[in-house]
Amino acid sequence: MYRIGNGIDFHRLEINPNRPLVLGGVECESEVALVGHSDADIILHAISDAILGALALGDIGQYFPDTDPKLKNIDSKIILAKCLELMKERNFQLVNVDCTVIGEKPKIAPLKEKIKKSLCSLLDLPVDCVSVKATTTEKMGALGRQEGIGTFCTILLVKNL
């Protein structure tokens, strides 16, 4: 049995030299950071939501509510690990991941290989099963005004026999 999951996440950008920009588990050099209750890693959030969606288990807000002060600044790798644990408990495994980052800034092209390598490690997938792409909104809307960035992610799960 196969299951497909989709995940979407958006966060605002702010100039904050005291907060790192984290994408796909990688701390990226940038003058901007993402605003969020957690480390605001939009890629790991979208992947986590895609896994939960494929399993019909809701979303990360149910497991990691932004109203819980104990979760303030939580590392999104912990969120992803919990979602992978739920997946394995149900005897599924990840087949592939396809992520698209949307925004004008920061430029993703110079970061893609680091992010992809991190995702391969975190997800225990080979390089040819992880895709990281980027696009812009051609300066339209909030993302075009560099107020934030987002990620769309699609994953495929297969049930282990």
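From the backbone N, Cα and C atoms, a Cβ is placed for every residue, glycine too.
Keep in mind that this is a model prediction, so the values were computed, not measured.
Annotation source Swiss-Prot lists 4-CDP-2-C-methyl-D-erythritol 2-phosphate binding site at 9-11, 37-38, 59-61, 64-68, 135-138, Arg145, citing sequence analysis. In the three-state DSSP scheme, Ile60 (4-CDP-2-C-methyl-D-erythritol 2-phosphate binding site) is classed as helix. Sequence-distant contacts of Ile60 (4-CDP-2-C-methyl-D-erythritol 2-phosphate binding site), defined by Cβ-Cβ distance under 8 angstroms and a gap of at least six in the same chain, are His45, Ser48, Asp49, Leu52, Ile79, Cys83.
Taken from Swiss-Prot, the feature divalent metal cation binding site covers Asp9, His11, His45. Packing around Asp9 (4-CDP-2-C-methyl-D-erythritol 2-phosphate binding site) is summarised by its Cβ count: 24 other Cβ atoms lie within 10 angstroms of its Cβ, all protein chains included.
Annotated site 'Transition state stabilizer' per Swiss-Prot: His37 (among others), in sequence order, evidence recorded as sequence analysis. Around His37 (4-CDP-2-C-methyl-D-erythritol 2-phosphate binding site), the C-beta neighbours below 8 angstroms that are at least 6 residues distant in the chain are Asp66, Leu71, Lys72, Asn73, Ile74. His37 (4-CDP-2-C-methyl-D-erythritol 2-phosphate binding site) falls outside any helix or strand according to DSSP and counts as coil.
In sequence order, Ile102, Gly103, Glu104, Leu143, Gly144 are the residues near Thr136 (site 'Transition state stabilizer'), counting only same-chain partners six or more apart with C-beta under 8 A. According to its DSSP assignment, Thr136 (site 'Transition state stabilizer') is coil. According to Swiss-Prot, the site 'Transition state stabilizer' annotation covers Thr136 (among others).
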- Query: Taking the Cα atoms as reference points, how far is His11 (divalent metal cation binding site) from Pro65 (4-CDP-2-C-methyl-D-erythritol 2-phosphate binding site) in Å?
  - Reply: 16
- So, in DSSP terms, is His11 (divalent metal cation binding site) helix, strand, or coil? strand
- Counting every protein chain shown, other Cβ atoms within 10 Å of the Cβ of His11 (divalent metal cation binding site) number 20
- Reading the DSSP string in three states, the entry for His45 (divalent metal cation binding site) is helix
